[in-house]
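Sequence annotations record features per position, and here Swiss-Prot assigns compositional bias 'Low complexity' to 11-32, 717-764, 809-822. According to Swiss-Prot, the feature compositional bias 'Acidic residues' maps to 859-870. The feature domain 'CBS 1' is assigned by Swiss-Prot to 644-705. The domain 'CBS 2' annotation in Swiss-Prot covers 944-994. For 1-33, 715-767, 802-822, 846-872, the entry in Swiss-Prot reads region 'Disordered'. For 1-163, the entry in Swiss-Prot reads topological domain 'Cytoplasmic'. Swiss-Prot lists 164-184, 227-247, 271-291, 300-320, 334-354, 362-382, 410-430, 449-469, 505-525, 527-547, 554-574 with the feature transmembrane segment.
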Amino acid sequence: MTRKENEESESLSSSSSPIDNSNNNNNNNNHSIFNPIGHIQNAFNNIDLNPLNVDFKGHTDKVVNFFQHGTGDLNDRMQGVVSKLRSNEYRKKMHSVLTKIKDTKEYKSTSNTDYDVIFESVDMYSNLQQDPTMDKDEIDVVTDLSSYKKKFTHWLGKERISTLLFIPTLGILIALMGILCDFLLMELGTLRDFVTSRHNSHVIPTDGTTPTPNSSIADKYDLVEGIVFVGYSVFFALISVCCISFISPYAVGSGIPEMKSIMSGINLSRVLGFKTLVSKIVGMVCASAAGLTIGRTGPFMHASAIISQMLMNLKVFGAIKKNQIVRYQMLICALTSGVVANFGAPIGGLLFAIEVTATTAVMGNLWKGFLCATTTAIIFFLSRSTFSKGNFHSVYEFEFVPKEYGVADLITFVGIGIITGLIGAFFVFIYEKLVRFRLRYPILKQSRIILVLVVSLFSAIITYSAGPLCRVSLPTAMKQFLGQNEPKPFLFEQDQTPYYKYLNLLVFIVVKLILTAFNIVLPIPGGAITPFIVTGAALGRLFGEILKDHFDSQAIEPAGFAAIASAGLVSGTIRNISPSIFVLELTGQLSLLVPILICSITSTAVGNFFNRPLFDTALKIQGLPFLSNYRSSKVYTMTAKQVMKKNINYLSMTSTVIEMKNFLDTFKYTFIPIVDSKENMLLVGIVERSSMIYMLDIHIENIEQKIDEFKSKYFVNNNNNNNNNNNNNNNNNNNNNNNNNNNNNNNNNNNNNNNNNNNNNSNNSENLEIENTGAILNTNSNNNNSDEEDYDRKDNDKISLIKPNQDESSSNSNGGSSSDFEEILNTQNTNINKNDNEDLIKEIEDENSSLGEKPIIEHDDEDDDEEEGDGIPLVSMKDQQPVLRNRHTTTTTTTTTTTPITENIYVNDAFEISINDLKNGGQSVWGKHILGDIIHSGETALLMDLAPSQVPDLTPLNKVFHLFTMLGLGFTYVTSLGKLVGVITKNSLMEQDL
């Protein structure tokens, strides 16, 4: 084969290869049709995901550049203002300003706003609410080693040292309060036993011995004893309600709902007052002595918080009150000690105080609560030996040998939790209905005394009728349920039938639950924790007796079930796990930890399934603001944009002083949002109200001072010049008169010639500038009448200007035109009248003619015609700025000097006052100054937070709730790409039905 043939064959093979490849591809495509996954992929590949050809990369870069550098028109001055706010020098000025304004009414309103006036949320994490001296924990080094007194004083002035002194003092005072209440209750219990001593055998003796039960039910009741019992209860209930009606109505109830609201950031000043403390203690003691089914835990916690607030009002601990964060920590310590003074459980008391009242808790501050609780517990246990004979015992011990738990026992614990959870939910439902029923009718709402008398009467009758076990105090009944023996005395004798044992406990449970629901609704001081603990113990004892008799349960004794159900019923009502801890401390049985926790968790879950907790329900009914942790499913579908307030009032960096003053007069906001400009609406920060008021006052004072200095300096010099000119004019007039007389005596012809020459000169001279008051006077005799009319029309306040042309001068005299400098002198009266002006003009004319001086106004030789009085002025008033011309006259020569008036008055680097702005007063000067320039001038500091709390407008509402609860926020701003679009306050979230 030749070379040419080979090339042809290669070309044919190469031309046929594409056909073969295409056939192979077709075969592959035929096989791919039956592959659904590949078909779907090919379908998505054909979709145009960017039909509008949007440059996403460029858009992303634009958004990133927006957040990093702001908008394109954000000028350099704004950046300079922000950098100045962040400088250390400006922060030092902020500290000095804060020390000046912290005693003002506006600044105190940021933390002392009364709830009765307005709901004002306190942002306890905002740096504007803290005293800068409280932020430093380290003690500054004192170089002078000899000043030990100064060093010790500085050391004591720190927040940490004052806290260490405050906490033990608080714990001791609360423990003493608990001891006093125990002593009063013991004495009142003894008095009650004494007045009912006719059948005292039915009451459990205080010496611990077991009474002998009577043989029949009828022997357990006596008419006289019943009347005395009921009268005793009604009398002390009357004293309790009188404390509310006549001392302080804020002591009503347990006080825990109010403390929850206070710990949320709401200021309730009267709730923590001294009158409330007296009413709370006296009312609680009397209500407990009356035999009403109420508890002491809530009132103790409320009273402890009041003691803490009163201690912080002392000058020694004044630094603690200034810092909101430390103040809330001390309130938590007080609430903890209140629980310890009631139950003697420091660990459970701290957890209970945090879980019940606080929305958030800083774990690093728990040591403060433990320190206060330990101090109270030490005094509490030391005092128990003294008051061991009383009816009230805060610690209940029983003998229990732990055994192994089986699956059946665990199921039993869960079953008890379910039952206690259902009972707790039903109790909350009944409580809400009773409170709303009372509030529905005005007669029940207003007649406190009558309502308490009626309810206490029926409560005493029911309590006495329910048997001896229901008549004893709650702590004594708790000791009976946790004991190894049967609860005594009985309403029904056990020897008649074994079911009477269950019936006794069932009667106690039903009676106490009903009485608790009715008694805690009354307007008296009283809580519900202790009745739940005792009733739960009775319920657990009933379960334990049934399991022991019918199912031969040996793992846990009936007393153990009493402790388990006690924690379960409390958790099912208030929906907290912490009661399980202090129940363990009450009983001293840590072996029951797992059963109690199982029961408490189950009870809490069951109760939450039906309704809100007891204290949250009370908050909702009372209308107290509080962010509850129990919210509906709406918060997961809504955004911040749907709940924000859109019509927000703000100021910008370009706002003038007038606008800022009007804003402060119109709105009483504690914090004011600041944006860069009304067009961009970029949030720069927030400003404290009192700081802005202080800044405006300082700025206005500085500007007014500069204006007064300028006016006083100028007018003094001007008056001196006027006096000198007048004296010189008088001397010149005298000299001219003498010269004229001599000339008349010597040569009459020459005198006549001189007079003619003087007249010609006066007629030919068109204009003459006189530097007496900085104005130009008309010397033409033909215009004297017009000048007089001009003076009369302007009341000698303004002087007309002279133009080169006679017609122009006359028109100006009629028009009353004056220079800007003359406008400044409107308030000053000139000392020159018309006659003085005429004499001065003649004197100058004679002087110029006699001395042979050239006239001030130069004339052209060609235009020296009487009909054409066109002259070229030496100084053109149209082209030059106003000048101050001072004339110094002597006997031989007259010299004229010109001193230019400065265009602006220098104030500082940011402001220069224009002469034109002075004619309308100081407000026309400082009223136009803007906020950015005032900050840049550095006259005084502005308390400004450059990083306020803000959330995007599409943030889920659930996250917004978490931010408010975890950070303790009072408000947060809503932004869209950095622009301020709205605000969300804590009150607005509280008002939402979520």
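Note: Cβ is positioned from N, Cα and C throughout, glycine not excepted.
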Q.
I'm checking region-level scores; what's the whole-number mean pLDDT for the domain 'CBS 1' (644-705)?
A. 87
Q: Could you tell me what the rest of the chain brings near the transmembrane segment (554-574), counting residues at least six beyond its ends with Cβ under 8 Å?
A: 356, 398, 400, 403-406, 409, 413, 416-417, 420-425, 427-428, 481-484, 528-529, 532-541, 543-545, 547-548, 580, 583-584, 586-587, 589, 592, 595-596, 599-604, 606-607, 613-615
Q.
Under 8 angstroms for C-beta pairs, at least 3 of them, ignoring pairs fewer than 6 apart in sequence. Is the transmembrane segment (334-354) in contact with the transmembrane segment (362-382) by that rule?
A. yes
**Q.** Interface present between the transmembrane segment (449-469) and the transmembrane segment (227-247) (three or more C-beta pairs under 8 A)
**A.** yes
Q: Please work out the helix, strand and coil residue numbers for the domain 'CBS 2' (944-994) from the DSSP assignment.
A: 17 helix, 19 strand, 15 coil
